[in-house]
Amino acid sequence: MKNIYNTYDVINKSGINFGTSGARGLVTDFTPEVCARFTISFLTVMQQRFSFTTVALAIDNRPSSYAMAQACAAALQEKGIKTVYYGVIPTPALAHQSISDKVPAIMVTGSHIPFDRNGLKFYRPDGEITKDDENAIIHVDASFMQPKLEQLTISTIAARNYILRYTSLFPMPFLKNKRIGIYEHSSAGRDLYKTLFKMLGATVVSLARSDEFVPIDTEAVSEDDRNKAITWAKKYQLDAIFSTDGDGDRPLIADEYGNWLRGDILGLLCSLELAADAVAIPVSCNSTISSGNFFKHVERTKIGSPYVIAAFAKLSANYNCIAGFEANGGFLLGSDVYINQRLLKALPTRDALLPAIMLLFGSKDKSISELVKKLPARYTYSNRLQDISVKTSMSLINLGLTDQEDFLQYIGFNKHHILHSDVTDGFRITIDNNNIIHLRPSGNAPELRCYAEADSQEDACNIVETVLSNIKSKLGRA
């Protein structure tokens, strides 16, 4: 006799929560029953708002992802819904196919979070689910049977259409004389990227492919990855290095010297190349984006793509070409746009390829570093402390809200005072030398993130390392 489960009970006991982008938690908590529960609840909410008979499904390269996808597919089958399984592809490739076919989608991915975790990201037929959708999903009360896991057959249509989305914009192979390194690691799009850049004319050099999952965080690039990029650029005479996080929605791009570009600088350059009228960006992005008169309007939001997407509704009422981007490199196209007189449809989800392609298109007759040098000299940096609970992070933030002097002492900046504070997302302060320090708990993992902005890259890096070092010491982690 099969066990019958209640969705509301299962999720409340699971330890899985919605984070900045999707439901995230420990792999051990993503049991087949929990995956099925989320799937049934998502399906229930979508059926209340849309008409469809199919759900699209894909995964990243985490070892746990395939079994989770099997559980999702089994739950859909029980409810009479067909599953189209696209295998290992980038999240934006799945989103693009989902929106094109007007069907919901589920991406099994933990993105950049630690190896022992994973996640589920959900898409409506018109794009990412909203925070209201998330709330509805966790409150669905429905019954379902214990899922029976079966093998899944892969369709390659989504990968092909994602490549075509970008290659169709360029009648000529504009990367013909460029050498592009692809830092493959375990990225979901590593094979797809090689194909695409070759089709655009580039000589592609494959770098550091890994058979084991590597959780690359584009917002906290390791010293090892920084050193490797510099070595690769020189050794292989590269014009650029392209990589992504695990599920291919956040880009990581280095110039011809192997210097990784900050995600918000990449997003700015892409938006300028697209001639965007207005942009939505999280509060953690470089302040010069707002002050530099690059756009008719800049809307600042909380951190996370759902908040950027929510801002698109406001912007679209007044502006024709709108985009959004984040400090982690995620780029979201909020409106249709023409490139080379060819239509590129909106894709309101994080996409690693568009900013990379537009940067390379903008630098086809020059170097990437030349483009960057034209921007105002204001620099950002970020890093994190792992295994820090939300409770601990919030205690530190609350200290800043209640006693600024003690807070500055705690983080090692007691010789300064605060000129301005912002609590849009966490605690962001401007101190008396115009440097910016920003602390917030990660929405996806038990981590404390620190962002800094200064007039030199060295100063920005030193601020972050000083803050995190002091916090580690105070917490007994030194």
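Note that Cβ sites are derived from N, Cα and C of the backbone, with glycine treated the same way.
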Given Swiss-Prot lists Asp245, Asp247, Asp249 for Mg(2+), the same-site residue among Ser111, Ser369, Ser382: Ser111
Correct range for transmembrane segment (source Swiss-Prot, candidates 30-46, 64-80): 30-46
Entry from the binding-site residues list Asp245, Asp247 having the most other CB atoms no farther than 10 A: Asp247
Tertiary neighbours of Asp249 (Mg(2+) binding site) (same chain, Cβ under 8 Å, six or more apart): Pro90, Thr91, Pro92, Ser111, Gly330, Thr349, Arg350, Asp351, Ala352
Other same-chain residues whose Cβ falls within 8 Å of the Cβ centroid of Ser111, Asp245, Asp247, Asp249, the recorded Mg(2+) site, in sequence order: Asp60, Pro90, Thr91, Thr109, His112, Ala188, Thr244, Gly246, Gly248, Arg250, Arg350, Ala352
